[in-house]
Amino acid sequence: MSKPKGKNVVFKILKLNEEEAEDELDRLNQPRPSVTVQTIRPNYSIISLSQVTEASLEIWRTLPAAIRQDPSLASFRQEHERLHGPEDDPLPNEDVSADDGDDNNSKEFITIKVTNPDTPVEDGKTTAVVEQCEKNGQNVTTDGEGDEGHETTMGGHHEHGKLFGYVKVGTLLVVWLVFTGFLMSKHEKELTPRQLSVPEGSFRTYILPEPSPGSRIGINLKGAFLSDQHHNTTSTYVSVNLQLLYLPSNNSNMSFFTDHDVKYTENITNVWLVPIPSSIEAIDQMDEMTRKHVFDIGPVNHQKVTSGKAVVRVRMSSNLDGDFPTKFTYDPTPMDTETGVIYAAIVLLGLYVLIIWEIVHRTFAAIIASTLAIGVLAAMNERPSMPKLISWIDVETLLLLFGMMILVAILSETGIFDYLAVYAYQVTNGKVWPLINCLCIFTAILSSFLDNVTTVLLMTPVTIRLCEVMELNPVPVLMSMVIYSNVGGTLTPVGDPPNVIIASNSYIAKNGVNFATFTLHMAIPIFFVMITTYFQLRMKFKNINDLRFSEPQDVQEIRHEIAVWQRAAASLSSYSKDEDLVRETLLKKVNRLSRSLKKKLVTGSVPVESYKATLEEMRRKYPIRSKTLLVKSAITLAFVITFFFLHSAPDIQKLSLGWTALLGALLLLILADREDIESVIARVEWSTLLFFAALFILMEALAELGLIDWIGKQTENVILSVSEESRLAVAILIILWVSAFASAFVDNIPLTTMMVKIAIGLAENEALDLPLQPLVWALALGACLGGNGTLIGASANVVCAGVAEQHGYRFTFIEYFKVGFPVMVGSVIVSTIYLMFAHVVFTWH
């Protein structure tokens, strides 16, 4: 279609990517120097002239409000305000009068309608229609019927959507009122610790300064204590119990009295035995541990205390050959953990309801849930202080994410991600599954030696660009990639945060679990898990169309061509041999096109001639844009990756992963000498960082409510309930499956911290006689592979979803769950078989 000379061109609707817009310019024979193509967001571009004209303003008015207000289109808004005055929201359908412009030249209006790639296209309908009309300057479009149908459809659901909005806002408002009321009415809980020393061969007493509002009294001790699992390995204890001191009725001031004032003493609670090391030398080498216990003195004794007839005294003694120092804290309002577990489960369930049904954005859902959990703590007289809340946030993880996001933002400006996408396209010859396998395997290997969050941040932009050039839907490919990232991260102690927690435990390290041992024992199950995962993903996406948008552009073009030929054949009758011959010829063409369409749908590969042409076009279009910046980025990445590897050798360098990423980001900002740092900061996924911060607070609040400990105690009770010959198998099964399913729905960092204590306690229990290493391998496999179960099961999942959403590709909780959860179950089954054979049958340990 050629452009008539002397006529202005107005692009009314443009829903094209940059390449498609360039193709349309070629078709219209529009001179390139006077035209620029600007991509607003994926699948949306505008074509603007060298200066803002009234015609270009007409295009600007048709854009969505969010796009019109974008800073990149500020010149259009300024010109509109200059010509028409300031308007908050100019009408999108302002008609351009035919009298505007040159009277001697009628205007040519071109309407470009492109169907959304995510929306199915019916057979026989064209994908893009370019019409050229010269009806006295009138604009004629061909999509009026579609608009009318759209209005009808939207009207049918208007009332339903309005009602849902009212219910959502009302429910969230009620939740807001609940936690706001609790936070306003409760003070932060501050307990005053006191330094005490339990003397050798004697006892130490402490009279509680004030009566508790209830019959429950909490005692917190902090010192060189052992866990409860050491009851069978030590005979040295600190004994704690409560006594009731009865006072004479004539003692008007109960705050001041001596032992001579005591009428008599009564033990009112059982003795709490807290295991401690058996020697003073061992105490000096112990880490400080907090032990908590709640005594219930009963309503009768509580009445005596509140009436002033008696006071409560804490009595502590020890059988240690020496004095035992401890930090003592009295809690007059201890939390009821049984009730707390129920509240914690309700809060966690509410978070998943908000995320699964996408009632609100997942970041906002995490903020709501974490604030509600703090409100519940306040209602149970356990409101944490602000410094304590800040301490709950894992700043190391946030530093790691922030630093790597800065690195990726600057690195993307070099064009290296586009270049790597072209290279991968060339290596795989444009075939879909070889490309996906290449991406997944490379991601898994990289995740084995780098933190999988870092790997996902680096690989997600490459994957998205590759999918775009191959007309693939990035969502299923990204989900496959992040699944392999979690699988690969399970291989080494530095690949996934749960492994870092496990391998850095001093007790586990002393029992022969080092980098080489860990990797060796993980390599075999991970190899089989990767094979199983590959077949599961192939079965899930066995239809190649599941990996593409509902209708790729080339498929749509073939369908359109088939419809044209079918209509032409149907217009001919069989009354004469000539018409019959022509009609049969047309139908043969239809059959050839149908076979070509079927072949494309089945193979999912690009034809050779198209592949070569596309490859050359991609090489021309996606070169390295800034080699100097690429060299600077390579130097920075070399520093970061090298120090990531040296993280497992603290004697060589003492930088954590978070500090390494932050220092790398600062180094690259210095080398790049960027003045527009705002543009770099704007590309940081702040919503993802906020999500992690809120999730950290939520999980610590749930731990305070007793949910994490409850899971651990239930796990331990099941293991202790079976016979001795079956305990190893049951312990492996319980630790593996509980950690896997819990990691899918609860952040695996606090869960792993709790499960490590359980595994060590089971191994130290001499009555059970369980080896430590099989329990460690079961925990590592369960915690890491379980992260594939849901979208928020692992940090890498959340990061990948955030980066993809920034590129315009969003996948929901349910979409990921349908892919990730079956893969997680399959991976845990394979791990179970391996652990049973390796450690129960053949006792490799």
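The chain as shown is numbered from 1 upward.
The backbone N, Cα and C atoms fix where each Cβ goes, and this holds for glycine too.
Residues annotated as region 'Disordered' in TrEMBL: 81-106.
Positions annotated as compositional bias 'Acidic residues' by TrEMBL: 88-103.
Here the transmembrane segment (163-184) has Cβ contacts under 8 Å with residues 350, 359-360, 368, 371-372, 374-376, 378-379, 383 of the same chain, all six or more residues outside its ends. As annotated by TrEMBL, transmembrane segment applies to 163-184 (among others).
Among residues of the same chain six or more beyond the transmembrane segment (340-357), those with a C-beta under 8 A of the stretch's C-beta atoms are 175, 365-366, 368-369, 372-373, 376, 380, 698, 701-702, 704-707, 710, 745-746, 791-792, 813-814, 817. The feature transmembrane segment is assigned by TrEMBL to 340-357 (among others).
Summarising the annotation, TrEMBL assigns domain 'Citrate transporter-like' to 352-782. For the domain 'Citrate transporter-like' (352-782), the model's average pLDDT works out to 84.
According to TrEMBL, the transmembrane segment annotation covers 363-380 (among others).
The transmembrane segment annotation in TrEMBL covers 392-412 (among others). Residues 384, 451, 453-454, 457-458, 461, 497, 629, 633, 636-637, 640, 656-665, 668-669, 672, 674, 680-681, 683-685, 688-689, 692-693, 696-697, 700-701, 749, 795, 799 of the same chain lie 6+ residues outside the transmembrane segment (392-412) yet bring a C-beta within less than 8 angstroms of a C-beta in it.
Outside the transmembrane segment (432-454), and at least 6 residues removed from its termini, the chain residues within Cβ reach (under 8 Å) are 397, 400-401, 404, 424-425, 462-463, 466, 470, 472, 477, 480-481, 483-489, 491-492, 494-497, 530, 534, 538, 544, 547, 604-605, 641, 644-645, 657, 661, 794-796, 799. If you look up TrEMBL, you'll see 432-454 (among others) marked as transmembrane segment.
The transmembrane segment annotation in TrEMBL covers 515-535 (among others).
The transmembrane segment feature in TrEMBL is assigned to 629-649 (among others).
Note on the transmembrane segment (655-672): residues 395-404, 406-407, 410, 451, 454, 629, 632-633, 635-637, 639-640, 643-644, 647, 680 of its chain, located 6 or more positions outside it, place their CB under 8 angstroms from a CB of the stretch. For 655-672 (among others), the entry in TrEMBL reads transmembrane segment.
For the transmembrane segment (684-708), same-chain residues at least 6 beyond its ends with a Cβ under 8 Å from one of its own Cβ atoms are 335, 337-338, 340-341, 343-345, 347-348, 351, 361-363, 366-367, 369-370, 373-374, 376-377, 380, 382, 384, 389, 392-394, 397-398, 401-402, 405-406, 409, 746-747, 749-751, 754, 792, 795, 798-799, 802-803, 806. Marked as transmembrane segment by TrEMBL: 684-708 (among others).
Here TrEMBL flags 728-746 (among others) as transmembrane segment.
Note on the transmembrane segment (819-842): residues 476, 479-480, 483, 487, 524-525, 528-529, 532-533, 536-537, 540, 728-729, 732-733, 736-737, 740, 744, 771, 773-774, 777-778, 781-782, 785-786, 788-791, 793, 797 of its chain, located 6 or more positions outside it, place their CB under 8 angstroms from a CB of the stretch. Look at TrEMBL and you will find 819-842 (among others) tagged as transmembrane segment.
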